[in-house]
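A.B. asks: Take a look at what Swiss-Prot says about it:
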| type | residues | note |
| --- | --- | --- |
| BINDING | Gly115, Glu116, Phe117, Gly118, Ser119, Gly120, Lys121, Thr122 | ATP binding site |
Amino acid sequence: MEDNEENKEKKTTLEDLPGVGEATAEKLRENGYDDIMAIAVASPKDLSDVTGIGEGAAAKIIAAARKFADIGNFETGEEILERRKTIQKLTTGSKNLDDLLGGGLETQAITEFFGEFGSGKTQIMHQLAVNCTMPKEKGGFDSDVMMIDTENTFRPERIIQMAKSKGLDPDETLKRIHVARAYNSHHQILLAEKAQETAKEFNIRLLIVDSLTAHFRSEYVGRGSLAERQQLLNKHMHDLLRFGTIYNAVIAVTNQVSARPDVFFGDPMAPIGGNIVGHTATFRVYLRKSKGGKRIARLIDSPYLPEGETVIQISEEGVNDGT
């Protein structure tokens with residue numbers, strides 16, 4: 001047993017994994033796979049694509065990395081509970097919404113906010129970006145933020161407003177928010193893949209994608225392209241989830257809705273992305289407009305929290321309870 005522990009301590013580089021020589025290790029590092037955990041949560045196809053080795057060989061490398069990282073095996077419920085103690089929660093700025101989400105947005109999970117135009121999705125993303133830079137005692141992570149902006153909706157002026165209302169230095173807050181504009185779905189996927197490079201230079205604990213599905217929706221039109229769209233969207237979401245797992249980060253995404261023509265009673269609106277997004281997002285929050293600056297937030301999916309809804313307010317100061 002002691003020998004196994006010693007071997008684990010020694011095996012700290014990619015070259016220590018069986019089947020990984022200098023050339024393969026270099027290709028892996030160039031593509032963001034530069035530690036054992038990154039290899040352990042990868043798929044054989046991903047490693048095969050970036051290194052040129054066969055999927056069988058890639059699977060063996062991943063299996064060895066998982067053994068070293070001590071993941072991928074059966075665990076007791078007690079062990080999982082202990083591991084979940086590493087999970088942290090980021091405040092939304094609204095106590096009502098925090099309570100609905102069990103204390104805020106969880107790390108190592110994807111939280112999706114979906115709704116019609118003007119429902120407050122982008123406002124919440126801006127607020128989360130500001131909140132992430134706040135001290136831990138105020139519900140933040142005192143860390144940097146990465147945002148993939150697909151619709152050119154990021155506004156530094158809004159960040160300044162929100163930062164001032166929180167008593168933060170707006171210039172310092174802006175310096176800690178790293179924004180990349182995604183011009184199409186493939187560029188969006190590439191930015192998510194390369195996010196790890198930025199995370200190594202800065203302490204990134206929040207990754208935002210606003211909006212998750214806009215490019216996929218506009219580029220893949222018709223039933224003939226649906227399978228390809230869903231395949232790419234699936235890969236993209238798993239890249240995001242992997243980032244959250246490796247860096248113990250919050251993943252927050254926005255999503256658009258469309259009307260279902262077959263629904264005659266009740267709310268006909270449904271989020272874009274179908275089962276792929278529905279099954280991969282850990283928490284799903286439906287936002288609807290109400291009177292004035294009020295919004296109704298409904299939690300419709302969670303692994304352990306009950307469905308429910310609450311009222312929040314979006315004002316000049318940001319996202320709050322309006323009291």
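Cβ from N, Cα, C; glycine included.
Model, not experiment: these values are computed from the prediction.
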A.B. asks: Just counting, how many other CB atoms are there within 10 A of the CB of Gly120 (ATP binding site)?
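C.D. replies: A count of 23.
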A.B. asks: Taking the mean position of the Cβ atoms of Gly115, Glu116, Phe117, Gly118, Ser119, Gly120, Lys121, Thr122 as the ATP site, which residues outside that list, in the same chain, have a Cβ no more than 8 Å away, listed in sequence order?
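C.D. replies: Going along the sequence, the neighbours appear as Leu287, Lys289.
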A.B. asks: Given the binding-site residues Gly115, Gly118, and counting only Cβ atoms in the protein chains shown, which has the most within 10 Å of its Cβ?
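C.D. replies: Per the Cβ count, the most surrounded site is Gly115.
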A.B. asks: In sequence order, which residues at least six apart in the same chain have a CB under 8 Å from the CB of Lys121 (ATP binding site)?
C.D. replies: Phe113, Phe114, Gly115, Asp210, Ser211, Thr254, Asn255, Leu287
A.B. asks: As a test of the contact definition, list every same-chain residue at least 6 positions from Glu116 (ATP binding site) whose Cβ is closer than 8 Å to its Cβ.
C.D. replies: Val257, Met269, Arg288, Lys289
A.B. asks: To see if you understand the setup: which same-chain residues, six or more apart in sequence, place their Cβ under 8 Å from that of Thr122 (ATP binding site)?
C.D. replies: Thr153, Asp210, Thr254
